[in-house]
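Right, one structure below, let's go through it.
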Amino acid sequence: MIPTQTPPRQQMMNHNHQPQQIQQPQQIQPHQPQQQQPHQFRPLDENAEIPFLQIVTPNQMIKLPPMFQEQYKQLLNRWSNQCIKKSGLLYTQAVPYNQVLVLLEIAKNGDIQEYRDFIQVIIESNQNKDGDENEESIQQQQQQQQLTLKSIINLIDLEGNTSIHYAIMRKNKAMVSYLIDCGANLDIQNLEEGHTPLHWACIKADSSFVLQLVENGADIHLTDKRGYNALLHAAQYNEVNSVRYLIEKGLDPVQCKDIQLHTAVHWTSFQGHANMARYFISLGVDPNAQDIQGRTAFHWGCIKGHKQVVSMLCSFEGQDSIDKTIRDNDGKTAYQLAESKEHYEIIDYLDTKLKDDKLFGGNERLYHRFWTVMGVLTVLVPTWILCYVPVIFGLPLLAVGGYFLKNYLHLNYWVPERNNWLLPSILYSSVSIWYLIYLLRIAPLVMAINIFPNLIINATSWYFFYFFIRLTKEDPGTISKHISKEKSNENFMNALSSGRQIPLICPTCLINRPIRSKHCPSCKGCFARFDHHCVWINKCIGINNQALFITVLFSYVILVISGFIVTWDYFKSDSNAPILSESYIQSFLFYYTNYPFILLFSIYGIGMAIWIGKLAISQVLTILFNKTTYEQIQQIREFESRQGHGHSHGGDQQCNHSHGSGGGDHGHSHGGSSGSGSGSGSGDHGHSHGGQPSLPSSSGGSKKDSDKSFHNQQTNFDMYHRGVVNNVKEFLFDSQKFYFQTENIYADSRV
């Protein structure tokens, strides 16, 4: 079990308050007119405890009246002595603690010149002290002689934090650089948690500080009192760039465990970072590893109610698949823990997942064959009913029977996470059946009337048959075929060290994602210039197959138009047919009575052609205006989110700032406030990092993906539009860049 952590350093919280001024109230003499008296001050009683004192720096001090300055110095001395006494520690530093507090406050503020000046003040004030010729004074003088710039910047407060700890806490890069140049100890561990400056850099989720510290000699292998190394800290804060860098520098994520045997997957699952957990599993971290309580990452995802984490863990197959039957030391499975926490959404998901896994005995090929047959029957059965059953009975039968059959099949045989061949088989079989009707019934009668549309029908039919099948096999533009994991890591390190835009990584493919690319969980790959996943071909549409996709769409439209022409010629060849212009209803009833199959397929084809034609035009527009379908969807979601409240009401989103003693500037909260309890009875880790909250679970999150570590947070969706001609040229002749370009050169301006 992960123990409950104690509240963090009070000093780090208290430094955020404004200075307090203590003054003597005006005295009024009895039986005399009230007169305004000047402010008079008197010191607090020597035995009185100072509840709080804001540390004031020299630059702030000079703005105060002289009498305030004198009183503050007295209070600061008392405050420092009071802190030492309360801590119970033996203070042995050569510099008085009141000066240490001021020095660390200046480091927080990041004023390098003031920091330098105060170091000189410390040196001079300690050199000017006259000591007695006794043993104590001689020892003090020896300590004072050892005061150097390096020793001063490594002075610690009573929590063991140095100037560089606080400079990193405030993300002051100039101050951090100055302290490193002056010889700051980068491996010093504070007293409360054993955190090094590198640990705080990972906690603050800033890879630039991690790079700066490690390149200057910080030890990446040091662990704190709970066994967390830098990688485990960065993982809890969803800081993928720091994690990648530390792994490249030699930290093995498979071997990283804290003293409670929690792996990186345990912690990321507990915090709700689904993509980060996926990333570690892809790197080889065992998702079924058990901690000291016997719990896996799956247990913790169910305990905390993170549905995204639970569904992610359930999506792995093969050697990385999770064992849902593992029981913890209390004999409980993850499902039982979810029940005890009343996470009903997760319970429903796991019930559905269990049923899906048992479907067709787990045979996915049989699953696809079943839905392929269902697709063919979806075309044939309604047509047969309308042809051979009176309309008055056929239409109600189709409406009622179709409704119940659809819902039955969807509830019992449909798996949303899998590709499904129902829609592709409907489209392909309908064209195939109509073409057979054309060859057997229509063509022999109308070929001599007008040969041109018949030639078009045959050409477009075979074009559609061949390239439709090819589309289901065609590579949409898999990025991993063009760039390796090793090259991705090299490019990442170069970008991080040079200060360029850091490329995003796919947590599944483990490669850098170029701009406008996306990972598709159904197709299991990252694709360049991702447009959308098409359920009619069970394949993603990307830069490599979009042109072919558009031609297949237009071939279908042309096929339907040509088919309608020859079908109309076929109807007119019947000498018994009524004249259409005289009675549309009578003509329709005549053709429905005598040629029901052909008429129904013609109506179906026209309806499909209208929809597919609209899709084809929209695909052309994505090229002309250089905005993919996925980007259009994201733009709509962004617009919808801006139309909402724009703030949280506390239920769905976690707070983005910390409250009380658990936060302060450090943003590192220890204790049960973010969990539902602590101790063995609660079932929670009892440890959270409150500065940057975990992502909202799927039950409460918005549609827009909020995981900034793995997804672009794009707001300008027109940035790629450079004119129609340039857009077409880019699509046709400059498509290779979509496999490699990770920096968005259009982010700031349109070219």
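Cβ coordinates come from backbone N, Cα and C, glycine included.
Annotated features, as they stand in Swiss-Prot:
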type	residues	note
COMPBIAS	660-683	compositional bias 'Gly residues'
REPEAT	193-222	repeat 'ANK 2'
REPEAT	260-289	repeat 'ANK 4'
REPEAT	293-322	repeat 'ANK 5'
TRANSMEM	385-405	transmembrane segment
TRANSMEM	421-440	transmembrane segment
TRANSMEM	446-469	transmembrane segment
TRANSMEM	548-568	transmembrane segment
TRANSMEM	597-617	transmembrane segment
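Relative to the transmembrane segment (548-568), the listed stretch 446-469 leads the set 385-405, 446-469, 597-617 in CB pairs under 8 A. Through the fold, the repeat 'ANK 2' (193-222) approaches residues 5, 162, 164-165, 168-169, 171, 173, 176-177, 180, 184, 186-187, 228-231, 233-234, 237-239, 241-242, 245-246, 249-251, 496-497, 499, 502, 666-668, 670, 689, 691-692 of its own chain, all at least 6 residues removed from its boundaries and within a Cβ separation under 8 Å.
If one looks beyond the transmembrane segment (385-405) by at least 6 residues along the same chain, the residues whose Cβ comes under 8 Å of a Cβ in the stretch are 596-597, 600. For the transmembrane segment (446-469), same-chain residues at least 6 beyond its ends with a Cβ under 8 Å from one of its own Cβ atoms are 427-428, 431-432, 435, 438, 537, 548, 551-552, 555-556, 558-559, 562-563, 565-566, 569-570, 573.
Helix first, then strand, then coil: DSSP counts for the repeat 'ANK 4' (260-289) stand at 17 helix, 0 strand, 13 coil.
Here the transmembrane segment (597-617) has long-range neighbours at 383, 386-387, 427, 430, 433-434, 437, 441-442, 550, 553-554, 556-557, 560-561, 563-564, 567, 570, 588, 591, meaning same-chain residues at least 6 beyond its ends whose C-beta is under 8 angstroms from one of its own.
The average pLDDT computed over the repeat 'ANK 2' (193-222) stands at 95. The DSSP breakdown of the repeat 'ANK 2' (193-222) into helical (H, G, I), extended (E, B) and coil residues amounts to 16 helix, 0 strand, 14 coil.
Counted with DSSP, the repeat 'ANK 5' (293-322) comes out as 20 helix, 0 strand, 10 coil.
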